[in-house]
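Below you'll find the structure, written out as structure tokens, and then a few comments.
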């Protein structure tokens with residue numbers, strides 16, 4: 001091919017020639033950048049790069065919240081110089097040390113998660129533009145601030161699909177730059193990897209926001225709807241008498257064609273369609289903006305994937321992308337369940353039938369000639385999957401295929417157990433399977449049944465069993481009654497928080513009279529089973545916190561009922577309000593949680609969003625009480641979501657397994673010089689309480705996590721009523737779950753007597769006098785002296801010197 005050069009040509013003498021100009025590479029982004037620069041009000045970081053947030057914001061966070069590194073091993077195996085032993089402060093052959101290497105390891109996981117969401121967004125955006133055109137409006141509900149994460153990063157406020165493209169290009173460009181820093185001989189400083197990880201986290205929330213806003217607009221999902229329909233959830237909701245199509249993954253694009261085919265052929269009441277992971281959440285949002293009676297169902301999280309397959313219930317399985325088990329094809333093949341791969345990111349080595357005739361492909365799959373196929377043509381996919389499900393069901397019913405053992409087989413397998421303990425050692429949850437098998441030998445299967453909810457369905461136990469006992473099948477066999485009764489309700493993902501809801505709650509959140517926002521997100525790698533997140537959500541809802549949920553957390557909360565048979569979604573309203581349980585949607589909907597905090601700053605406080613991340617994050621860190629919970633986090637996406645919250649000043653608590661991410665961000669509360677900010681009115685330094693005391697940490701139990709999260713909602717700007725409310729909750733929860741007296745550092749958060757919980761104010765004043773030496777005026781019941789922090793209702797705390805008036 002000849003090299004293109006600059007020049008010109010004339011069309012003056014040409015006849016009957018049509019010249020078509022399609023996309024000009026980079027033109028949309030260049031035009032967007034020029035448009036953003038013309039903004040009258042804009043912050044300093046429009047279209048930021050790797051260095052943009054480093055000195056102005058990230059290093060300020062990392063100075064207070066120091067990285068705590070938890071290596072998985074002492075070696076680095078990145079290049080052919082290695083493996084290198086980095087223990088004992090040694091450096092590798094390339095010069096990197098343990099801190100730098102582990103900073104890179106954590107950073108790599110964050111950019112992997114960011115790339116996953118960004119690629120999801122790119123796939124949806126391109127497909128939806130091709131299907132609906134660039135002019136399709138972003139109708140997301142009654143809001144003017146539609147895309148706060150996009151706006152913060154780029155200054156753009158897209159109003160249709162086409163206007164989203166520059167933001168998508170920006171994320172992809174920066175991801176390339178970030179990935180380059182992982183190469184050997186690039187970055188080696190742990191703190192700079194942390195800064196880059198924070199930047200990548202901010203990009204992740206842009207990628208997620210793109211993914212969700214385009215699908216909400218195009219697929220007619222609920223639009224900021226607090227009354228979104230309730231959806232059936234659980235394995236027990238599946239009608240086994242009907243053909244069953246099971247969809248797994250996170251990208252709902254292809255599933256919408258299956259649902260359209262069902263509706264066009266009047267099959268919605270003749271077969272079941274249900275899903276696992278976030279595809280399940282999003283298929284139940286499809287065309288639900290008008291609250292039509294839903295027919296799609298949710299089975300549950302990734303932890304249920306192998307359990308559902310082993311049950312033999314699905315007649316066809318369709319996978320798209322993300323959080324899909326790598327052994328689905330061999331597991332499904334044992335039970336003659338065809339597997340259809342509908343996304344190029346997961347193809348499982350299956351034959352590609354995208355260009356083949358649908359009838360021929362159905363015959364291949366029915367006969368078992370192929371275990372499954374790749375189908376990337378969505379029109380064909382819709383027809384193929386529905387027709388195949390209807391035709392496979394009678395074939396599989398006639399054969400009676402299932403992996404669940406008979407009673408006789410169960411007894412034989414249990415008797416084979418040698419009590420060697422290999423399964424216990426292999427289990428990531430440390431389930432005492434040998435003990436349960438011992439009781440089963442005596443005829444007591446209740447211990448095995450008790451493992452059902454805690455088991456994450458990984459089958460590591462089966463792979464180490466020398467007797468080749470199908471342990472997962474045994475657990476599922478003895479839990480058949482429990483599975484049949486596994487029926488709950490989950491509110492369909494409602495989409496973003498509306499501007500009106502922010503206006504109604506913004507003041508309460510900033511003043512502290514609404515105790516805080518608790519965001520329960522993430523994966524199912526729980527240490528003690530799914531009910532942990534139910535307990536946590538219920539406790540905070542009872543105390544009038546706003547509880548927002550997404551993804552697996554949103555599903556698992558809906559699995560359990562109270563004594564009256566009601567789930568939390570039935571007991572609490574779906575609005576963004578005190579005591580509201582707000583299911584935002586799937587994993588990509590997490591962007592609306594950070595978006596809500598950003599909108600508090602933009603709508604309530606009138607702060608500029610455009611290119612202004614540091615100021616918005618500074619506002620959130622000092623004023624908006626919020627804490628995330630990723631109790632079962634396992635994936636790279638969970639790390640990128642959490643890190644995107646961290647750069648915005650939102651702390652997150654992770655479950656006990658999450659130390660394997662290799663890094664936490666925890667402040668030293670005793671270093672008083674780290675707990676000073678500027679008063680924006682005059683630029684003077686002012687002390688603040690150690691709140692929040694971490695940005696990223698882990699807890700061992702849900703009982704430990706609850707008071708930790710309540711404390712993490714305390715903010716320097718709380719007024720006295722808000723501070724008293726927050727102290728009440730934190731201190732009560734500490735006593736309830738950790739036992740004994742008040743937390744040892746409660747007094748650090750008291751600025752005057754009005755900050756003290758009203759119910760036991762006098763008793764606490766006595767403690768302050770006796771234990772801390774504070775001077776109390778007992779006639780007026782006022783604190784005369786003692787607090788190091790004085791309350792000033794008009795103070796304007798900021799970490800950014802440039803925001804002070806004198807600056």
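Cβ atoms here come from the backbone N, Cα and C positions, even for glycine.
Secondary structure at residue 73 ([4Fe-4S] cluster 1 binding site), as computed by DSSP, is coil. Non-local contacts of residue 73 ([4Fe-4S] cluster 1 binding site) by the CB criterion (under 8 A, 6+ apart in sequence, same chain) are absent. Per Swiss-Prot, [4Fe-4S] cluster 1 binding site is recorded for 73, 77, and the stated evidence type is sequence analysis.
In the three-state DSSP reading, residue 79 ([4Fe-4S] cluster 2 binding site) counts as coil. For 76, 79, 84, 94, the entry in Swiss-Prot reads [4Fe-4S] cluster 2 binding site, with the evidence type sequence analysis.
For residue 117 (CO binding site), other Cβ atoms within 10 Å of its Cβ number 30. The annotation CO binding site is assigned in Swiss-Prot to 117.
What Swiss-Prot records for 250, 278, 323, 523, 552, 587 is [Ni-4Fe-4S] cluster binding site. Counting every protein chain shown, the number of other Cβ atoms lying within 10 Å of the Cβ of residue 523 ([Ni-4Fe-4S] cluster binding site) is 26.
DSSP places the residues of the domain '4Fe-4S ferredoxin-type 1' (407-436) in helix, strand and coil in these numbers: 19 helix, 0 strand, 11 coil. Feature annotation from Swiss-Prot assigns domain '4Fe-4S ferredoxin-type 1' to 407-436; the stated evidence is sequence analysis.
Feature annotation from Swiss-Prot assigns [4Fe-4S] cluster 3 binding site to 417, 420, 423, 465. Within the same chain, the residues at least 6 positions away from residue 420 ([4Fe-4S] cluster 3 binding site) whose Cβ sits under 8 Å from its Cβ are 434, 466, listed in sequence order.
Sequence-distant contacts of residue 461 ([4Fe-4S] cluster 4 binding site), defined as residues of its own chain at least six apart whose C-beta falls under 8 angstroms from its C-beta, comprise 422, 423, 426, 427, 431, 433, 471, 472. In the three-state DSSP scheme, residue 461 ([4Fe-4S] cluster 4 binding site) is classed as helix. The [4Fe-4S] cluster 4 binding site feature in Swiss-Prot is assigned to 427, 455, 458, 461.
Annotated domain '4Fe-4S ferredoxin-type 2' per Swiss-Prot: 446-475, in sequence order, evidence recorded as sequence analysis. Cβ atoms under 8 Å from those of the domain '4Fe-4S ferredoxin-type 2' (446-475) belong to residues 303-307, 310, 327, 403-405, 410, 413-414, 416-418, 420, 422-423, 425-429, 431, 433, 435-437, 439-440, 482-483, 524-526, 528-531 of the same chain, restricted to positions at least 6 beyond its ends.
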Its Cβ having more other Cβ atoms within 10 Å than any other among the binding-site residues 278, 423, 552, the winner is 552
So what's near the domain '4Fe-4S ferredoxin-type 1' (407-436) in sequence-distant terms, Cβ-Cβ under 8 Å and 6+ beyond its ends? 447-448, 450-451, 454-456, 458, 460-467, 469-471, 474, 477-478, 525-527, 657
Rounded to the nearest angstrom, how far is the Cα of residue 79 ([4Fe-4S] cluster 2 binding site) from the Cα of residue 250 ([Ni-4Fe-4S] cluster binding site)? 33
Cα distance, residue 458 ([4Fe-4S] cluster 4 binding site) to residue 278 ([Ni-4Fe-4S] cluster binding site), nearest Å? 19
With the fewest other Cβ atoms within 10 Å, the residue among the binding-site residues 76, 79, 465 is 79
How big is the Cα-to-Cα gap, in Å, between residue 84 ([4Fe-4S] cluster 2 binding site) and residue 77 ([4Fe-4S] cluster 1 binding site)? 7
C-alpha of residue 94 ([4Fe-4S] cluster 2 binding site) to C-alpha of residue 117 (CO binding site): distance in Å? 32
Specify the nearest of the binding-site residues 76, 77, 117, 417, 455 to residue 587 ([Ni-4Fe-4S] cluster binding site), where nearness means the distance between Cα atoms. 117
